[in-house]
């Protein structure tokens with residue numbers, strides 16, 4: 001079977017890391033990149049050098065006005081309007097929409113206008129696009145779907161863990177907190193915020209309470225949990241890696257040892273590569289560059305009794321998520337060409 005040909009719109013943190021993930025996983029071919037704010041030479045520099053993930057482990061250069069990455073040529077475009085990006089010229093069927101701007105079906109379909117591309121994968125939650133978390137509900141994808149969402153990095157961490165716990169012990173209700181590294185939407189120093197006032201406070205100086213729809217979104221990918229989970233976030237002064245705290249009430253009583261055993265079995269079985277299990281004395285920096293969606297920290301969780309537990313799971317909110325974008329495209333291509 002041929003491999004999926006991919007275009008990337010928006011060459012920010014996720015766009016660049018999807019490119020890295022594509023070359024690491026080697027299951028799709030990136031053939032085109034569009035960003036109106038970054039020229040070709042600057043793209044080379046930004047691919048090569050990353051303050052968090054280090055130097056790109058390969059060769060990056062230019063050739064005849066194109067990017068050349070590990071010997072493969074990638075076309076570069078600088079269009080502001082998605083409808084004007086010539087994805088078809090490069091053979092890009094699947095477009096990763098990673099600008100953070102075109103996150104609804106209507107806006108994202110501009111990539112498909114005039115038969116430019118065939119499918120769009122939004123690298124963010126969407127108000128109306130079907131949402132998928134690899135390892136949880138990707139098998140509900142149908143080839144008739146033209147625009148889909150890869151959900152959020154936090155939903156990708158929480159949903160696999162919640163699935164294991166709910167399938168085995170039944171989650172009656174739960175609250176999630178994500179202790180989340182700062183992102184580009186925050187301020188380096190205090191400044192005005194277009195949303196909540198405290199979102200505008202200096203990211204590297206503060207622990208900032210914030211909202212997140214990640215827990216509620218689990219109900220979209222696991223319908224049995226719809227209305228049973230909600231959550232909030234604390235933005236903290238670290239550049240990458242975040243951690244989910246899921247506190248939940250169980251319908252079927254279980255000791256913490258039984259819960260650990262269930263997660264460990266899933267991590268080495270049906271969710272291998274998605275959910276990971278560790279009993280090491282870990283801290284956040286240990287997971288920079290992790291390709292897993294969710295790393296269960298067996299030593300960090302606690303239980304009050306057999307029906308009330310706190311579970312802890314880590315995730316590289318940048319690279320782990322980017323790997324799932326590539327995995328989702330790979331799955332879509334397989335279904336589309338079955």
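In case you wondered, yes, glycine gets a Cβ from its N, Cα and C as well.
Per Swiss-Prot, the features are as follows:
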{"type": "ACT_SITE", "residues": "153", "note": "active site, nucleophile"}
{"type": "BINDING", "residues": "13, 14, 35, 80, 123, 317", "note": "NAD(+) binding site"}
{"type": "BINDING", "residues": "152, 153, 154, 183, 198, 212, 213, 235", "note": "D-glyceraldehyde 3-phosphate binding site"}
{"type": "SITE", "residues": "180", "note": "site 'Activates thiol group during catalysis'"}
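Relative to the residue listed as 'active site, nucleophile', the binding-site residues with Cα atoms inside 10 Å are 123, the candidates having been 13, 123, 183, 198, 212, 235. Summarising the NAD(+) site geometry, the residues cited as binding it (13, 14, 35, 80, 123, 317) extend over a maximum Cα to Cα distance of 27 Å. Working note on the binding-site residues 123, 152, 183, 212, 317: by count of other C-beta atoms within 10 Å of each C-beta, 123 ranks first. Spatially close to residue 154 (D-glyceraldehyde 3-phosphate binding site) yet at least six residues away along the chain are 178, 180, 212, 214, 233, 242, 244, 315, 317, judged by Cβ distances under 8 angstroms. Put simply, the two farthest-apart Cα atoms among 152, 153, 154, 183, 198, 212, 213, 235, the recorded binders of D-glyceraldehyde 3-phosphate, are 22 Å from each other. When secondary structure is read from DSSP and collapsed to three states, residue 14 (NAD(+) binding site) falls in the helix class.
Residue 198 (D-glyceraldehyde 3-phosphate binding site) falls within a helical segment according to DSSP. Summarising the environment of residue 80 (NAD(+) binding site), the number of other Cβ atoms within 10 Å of its Cβ, over all protein chains shown, is 12.
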